[in-house]
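Participant: To start, I am sharing the structure in question, which I have written as structure tokens.
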Amino acid sequence: FTANAQMDAHESHLRPNRRAPYLSLMLDNGWVDGDIINHRYPGSGTDEDPFIIGWTHNDPRDPMQFSQAVRWAWTGLVSLATFTVALATSAYTAASRQVMATFSATKLVFELGLSAFILGFAVGPLLWGPLSELHGRRVVFLCTYLAFTLLTAGCAAAPTIQGLVIMRFLAGAFGSSPLTIAGGILADIWPNEQRGLAMIFFSSAPLFGPSLGPVIGGFIGEAAGWRWVQGFLAILGGICCLSMTIIIPETFAPTLLSRRAERISRIQGQVYISKLAKDRQGKALRESIKEALVRPWVLLFYEPIVLLLTIYMAILYGTLYLFFAAFPIVYQEHRGWSQDIGGLAFLGLAVGIAFGILVALYVTIRSTRPSKHNSDEVWNPEIRLPMSLVGCVAIPVGLFWFAWTNDPSLHWLISVAAQVPFGFGFVLVYISIQNYLVDAYTIYSASVLAANAMLRSIFGATFPLFTSMIANTSVLLAFGCV
């Protein structure tokens, strides 16, 4: 490879940078040009010794070779798509009184709508993450996100509470795809030393979404009714889906190289194969699909670090959604706040999250700076974890603070301020774990994130059902510190 790479590097200086045509970039995963076809690949082109396809120097289809501006645009778009789904989880809670009045539903039945959506997060990732590693990111992402958009629109027109809960579950299942596939896309397009900043930007989406959902949903619900809350989410989802369709190409290298190998084989009449396909030779399609679907479970139960980090993240995630179900009780029922003003109580959480993101940015820039000067340095995923130690302390402080200060006899600002350390700590832990898992399991990052999303979503779906138990005694909320 070395001699070929040196010759390619020399030749690349003699010609301008190549670019793939836009339509080919979006529609043709096997696109090749003359330089790619005539590149000297290792092998002899026979069935016994096929040519092994890899990225060429200055390859116009290598996702990591696109400009930083383009890759940041992709990062921003998948983050917006993730934010929209996260917004849909909690915006629903802001219109609790309207939904219960429309369908004459009890508080518990209404809370099932929140739990059902999050429970969908537990089901979907186990399919979408592995399938994206088998068939590519783009087709799985776009199909599932389109289904999420249509189902959210269906929620706006739900004739019964049962139909609303069922469609919320399905919307959550299909809408969970960004939680796993988006992380995989970032692993595809950013090298290790640059991925930390992109992951912080992406990880802020599922954090800001739930905290701002009740605020946005509260004002829309008060002005236009709860159905328009779902309508707004469907419109935002449609904008994201259309934008991703025309802007983000396939980014999964194994899929791109496999299609390239098939294309060159047809053109040259010799045997070309990607490295990953070579490793998979002899495996039937059924076996490959089974392996992909089982992989998240294997990573979860056979990798102790994945299991321990996922359990801890799941407890925190469940506690976060316990807040979302409890806040309407604490501020609207006990303090008599209106629906729109009641949503503003979540701004304390948003402030904590924003502060946590700023700290995470600073720590990430400082911790990755040395690697920029030493390209031979072995990347250590554990560099992502130290800031989570600060978060582990801040979280119980915020929980105990809120548990003992949410009584109506105390000023509302005291309990709202308690959300700041919780949001701050939650961000540091969440970003640390997400970054670590992606760095440690790069090519299978979608599967490991699927396992993480599945377990934490189960906790997030069940914890809000405990809301009725904490309605009369704030001390129980402190048990979230465990």
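Glycine too: its Cβ is placed from the backbone N, Cα and C atoms.
These came from TrEMBL, pasted as-is:
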type     : residues : note
TRANSMEM : 69-88    : transmembrane segment
DOMAIN   : 74-482   : domain 'Major facilitator superfamily (MFS) profile'
TRANSMEM : 108-127  : transmembrane segment
TRANSMEM : 139-159  : transmembrane segment
TRANSMEM : 165-187  : transmembrane segment
TRANSMEM : 199-220  : transmembrane segment
TRANSMEM : 232-257  : transmembrane segment
TRANSMEM : 305-331  : transmembrane segment
TRANSMEM : 343-365  : transmembrane segment
TRANSMEM : 385-404  : transmembrane segment
TRANSMEM : 410-431  : transmembrane segment
Participant: Do at least three CB pairs under 8 A connect the transmembrane segment (232-257) and the transmembrane segment (69-88), leaving out pairs fewer than 6 apart in sequence?
Facilitator: yes
Participant: Which of 108-127, 139-159, 305-331, 385-404 shares the most C-beta pairs under 8 angstroms with the transmembrane segment (410-431)?
Facilitator: 385-404
Participant: Which bits of the chain, at least 6 residues beyond where the transmembrane segment (165-187) starts or stops, bring a Cβ under 8 A of a Cβ in it?
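Facilitator: Contacts with the transmembrane segment (165-187): 74-75, 78-79, 81-82, 85, 88-89, 92, 109, 112-114, 116-121, 123-125, 128-129, 132-133, 137, 140-141, 144-145, 147-148, 151-152, 154-155, 158, 195, 198-199, 202, 206, 237, 248, 251-252, 434, 438, 442-443, 445-447, 449-450, 453, 457.
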Participant: Give the nonlocal contacts of the transmembrane segment (343-365) in its own chain as ranges (CB under 8 Å, at least six residues past its ends).
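Facilitator: Distant contacts of the transmembrane segment (343-365): 90, 94, 196-197, 200, 204, 207-208, 211-219, 323-324, 327, 330-331, 337, 384, 386-387, 390-391, 398, 412, 416-428, 431, 435.
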Participant: I need to check the long-range neighbours of the transmembrane segment (232-257): which residues 6 or more away from its ends have a CB within less than 8 Å of a CB in the stretch?
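Facilitator: Contacts of the transmembrane segment (232-257) (Cβ under 8 Å, skipping residues fewer than 6 from its ends): 25-26, 29-30, 53-55, 61-63, 73-74, 77-78, 80-81, 84-85, 87-88, 91, 132-133, 135-139, 141-142, 145-146, 148-150, 152-153, 155-156, 175, 184-185, 188-189, 216, 220, 274-277, 443.
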